[in-house]
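Report on the following structure.
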Amino acid sequence: MKRRHFVIPTAALTLAAAFGLSSCKKTDDSVINIGEVAALTGGTATFGQSSHNGTQMAVDEINAAGGLLGKQIKLHTEDDQSKQGEAGIVAKKLISRSKISALLGEVASGRSLEMAPIAQAAGVPMISPASTNPKVTEAGDYVFRVCFIDPFQGTVMSKFALSKGWKKVAILTDSKQDYSVGLTEFFKKHFAANGGTIVGEQSYGSGDKDFKAQLTAIKGGAPDAIFASGYYNEVALIAVQARELGVSAPLLGGDGWDSPSLIEVGGDAMEGCYFSNHFSNEDQAPAIQDFVKKYEAKHGAKPDAMAALGYDSAKILFDAIKRANSVDGPALRDAIAATKEYEGITGKITLDSQRNATKPAVILTIKDGKVVYTETIAP
Amino acid sequence: MEQFFQQLLNGLFQGSIYALIALGYTMVYGVLRFINFAHGDVFMLGAFTAFGLHKWLGPTFAAIPWPVSLALTLLISMVVCAVLGMVVERLAYRPLRNRPRLNVLITAIGVSLFIEYTGQLAFGATQRPFPELIPRTAIANTGGLTISIAQVVVLATTVLLLVGLRFIVMKTKMGLAMRALSLNPTASTLMGVNNGVVISFTFGLGSALAAAGGILYASLYPSIEPFMGVQPGLKAFVAAVLGGIGNIPGAALGGLIIGITETLVKGYSQNVGIPSGYSEGVAFVILILILVFKPSGLLGKVEREKV
């Protein structure tokens, strides 16, 4: 009897050791594992698909050029279905199961806010391509972004509205998205401090389709423009319904508008509306046009800002891996933090002490069913 | 005041859509005592059928006047979805007909998820623009009130379908059989009713209504995606319960009440400091209140059920 008691734990231990060893061997493979969380399906699917295309392009390029540190890059992509809650789960999965060295994503601020503390706790550097809410990088020193932040973006749109002579602006916020709430907050602050008046403030939740009630209330204030800080799918419907109600004021927004779907769905209603963005694919700089051409050849469409930011976030990570000469958490973290004057597609990227990129924004307008470059506003 | 009337109108049109979807829920429940949770997904399939039709027959449709092309689209999509509804009933629900009701309810949720995710696989996850079947131009602009052609058509179609449904249930032989079945399935079989056929018909009719709802909804809010049926489906379900589930005029009344209250809350909650984004909760608060104070719904009859 005694002997038997001894045999079973020993066998179990041996087995465990064998598995332990084999899993060790697996992580020590000849590849560098990089995780990516993107909304490939769901409400903001074009964001995830674009940023993923950009990221994948960067990975393919570096692998074709021989990889990094003598190893190939392996990208593990997880779809969070545009769902709050899902982003955190898949980030955990990537860290614990795929043993990733770094994490790329998410575009939406609300979902990056879920992933950031997880990456921070695990000591895995995370780079968000396009989350502009300031709180994202406040999660800790392992969390970075390659885009500007909402205080800047909100201020830019407020400056722009004032420069157009629009003194009365109504506001429509997506109260379910940290991104939209943040943008509205900074727009309001700057606009009110510089002589503008907010003539109506309404909100809705992502996924809503009917905005007539809010727009009717806004119509009462007779605004010169409406600041709609939400994402493209709701904004397109807002525009359609505003015109139906006889509201002709132009809509203003942020980079959350950047999707081909905006004009497909919004159609004529979007004419003459403005939004701020990270880059314009009309920019004639050779590096940008080169990127546009490569992207178009591969995906049959011009890249939007999310694609460019996805590409930049991956390239900055690779640059840091090269400089750190390691994929070890702390070393990689320091290398990313030291990124200076990196020539990205979306501008020169320098990460400040808050791990945010400082970059100019472009203002785009919709004219004849196309997104047209209007002006650049520096920070 | 002007703004208030505009809000009432907004609510009326929104409510008429809920009413239309609620009709389908309530009818299936009225006959079979079972909530078909996949109703909202058939609603989505209706919109996508119309979308597909327009992709396919676009030039033809553009050449004929819009009321004709709308009628054709509605008719074809309703028939397609009716067939789909019957197929779903045949495959998913019929095998469970004599099983506990809970099994059927869970299956309905399964069917709903199945349609949603298959839809995502087949149609893609991104939203698509819905063709302008009904002109969205404003017809009336008197006294600052705006009504679009699309809204009027939606309201008129809802009334038409409501009357038609009432006619089928009250005046036709099939309707008589449906009522008999709902009263007592065993007795109706003894009286020569073919329950299988009646149940199939009920599902077909319910799905056709859902398809019409989907097309009209997409005409008002012109973007469609595989999950578009979830929210309106839920609201319509609440509307059906509110009006007294199983009761056809009740569903219409419930839809209008939910639509109008929701719009008023959205339009005025900001005045008392609640962001309008929270209006979503209203439908469910109403549901809870109704269940507490009048569980049978506004127009529903009190029924004793053995549990």
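Start at 1 and count along the chain as shown; that gives each residue its number.
Each residue, glycine too, has its Cβ placed from N, Cα and C.
As recorded in TrEMBL, the features of this protein are as follows:
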type	residues	note
TRANSMEM	B:12-35	transmembrane segment
TRANSMEM	B:42-64	transmembrane segment
TRANSMEM	B:70-92	transmembrane segment
TRANSMEM	B:104-125	transmembrane segment
TRANSMEM	B:145-169	transmembrane segment
TRANSMEM	B:190-217	transmembrane segment
TRANSMEM	B:237-260	transmembrane segment
TRANSMEM	B:272-293	transmembrane segment
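Against the transmembrane segment (B:145-169), stretch B:12-35 has more CB pairs under 8 A than any other of B:12-35, B:70-92, B:190-217, B:237-260, B:272-293. Long-range Cβ contacts of the transmembrane segment (B:272-293) within its own chain (Cβ-Cβ under 8 Å, at least 6 residues beyond either end) map to 234-235, 238-239, 241-242, 257-258, 261-262, 265-266.
Contact between the transmembrane segment (B:104-125) and the transmembrane segment (B:237-260) is not supported, since fewer than 3 Cβ pairs fall under 8 Å when only residues 6 or more apart in sequence are counted.
For the transmembrane segment (B:190-217), the neighbouring stretch richest in Cβ pairs under 8 Å, chosen from B:12-35, B:42-64, B:70-92, B:237-260, is B:70-92. If one looks beyond the transmembrane segment (B:237-260) by at least 6 residues along the same chain, the residues whose Cβ comes under 8 Å of a Cβ in the stretch are 8, 11-23, 25-27, 29-30, 33, 35, 37, 39, 158, 162, 165-166, 169, 182, 283-284, 286-287, 290-291, 296-301. Within the same chain, residues 21, 24, 72-74, 76-78, 80-81, 84-85, 88, 115-116, 119, 123, 128, 130-131, 133, 206-207, 210-215, 217-218, 224, 226-229, 232-233 sit at least 6 positions outside the transmembrane segment (B:42-64) and bring their C-beta atoms closer than 8 Å to a C-beta of that stretch.
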